[in-house]
């Protein structure tokens, strides 16, 4: 068993629950978006801006972004821990992934609240 402080959850069960919870959030978000596209009729710029400007859509989008961050981090941590044995390389890859995920969420936050 690897005991490393870079895991997101406290233990494997906690990570398991986080991954399942974020998967549910992402599934609900996909259903929400597909439902919008299926029921919106003609999709114009005004319709799209109106949809993106609603508070519910903004909050749900941010929740989905944070869910992607958590889901991806736990998954990548598990893959890197299992398959990349040199510690320096694994830590460097983890750092790159964390920075990319944080930049992704910050950029998403700016885009969502910029509408």
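Even glycines carry a Cβ here, placed using N, Cα and C.
Taken from Swiss-Prot, the feature heme binding site applies to 71, supported by similarity to another entry. The ubiquinone binding site feature in Swiss-Prot is assigned to 83; the stated evidence is similarity to another entry. The feature topological domain 'Cytoplasmic' is assigned by Swiss-Prot to 1-15, 81-90. As annotated by Swiss-Prot, topological domain 'Periplasmic' applies to 37-58, with the evidence given as similarity to another entry. Residues or ranges marked as transmembrane segment by Swiss-Prot on the basis of similarity to another entry: 16-36, 59-80, 91-115.
Per-residue pLDDT, averaged across the topological domain 'Periplasmic' (37-58), gives 94. Within the same chain, residues at least six positions away from residue 71 (heme binding site) with a Cβ under 8 Å of its Cβ are 18, 19, 22, 23, 26. If you look at the transmembrane segment (91-115), the same-chain residues 6 or more away from its ends with a CB under 8 A from one of its CBs are 6, 49, 52-53, 58, 61-62, 65-66, 68-69, 72-73, 76-77, 80, 84. Non-local contacts of residue 83 (ubiquinone binding site) by the CB criterion (under 8 A, 6+ apart in sequence, same chain) are absent. DSSP classifies residue 83 (ubiquinone binding site) as helix under the three-state reduction. Counting residues of the topological domain 'Periplasmic' (37-58) by DSSP class, helix then strand then coil, yields 16 helix, 0 strand, 6 coil.
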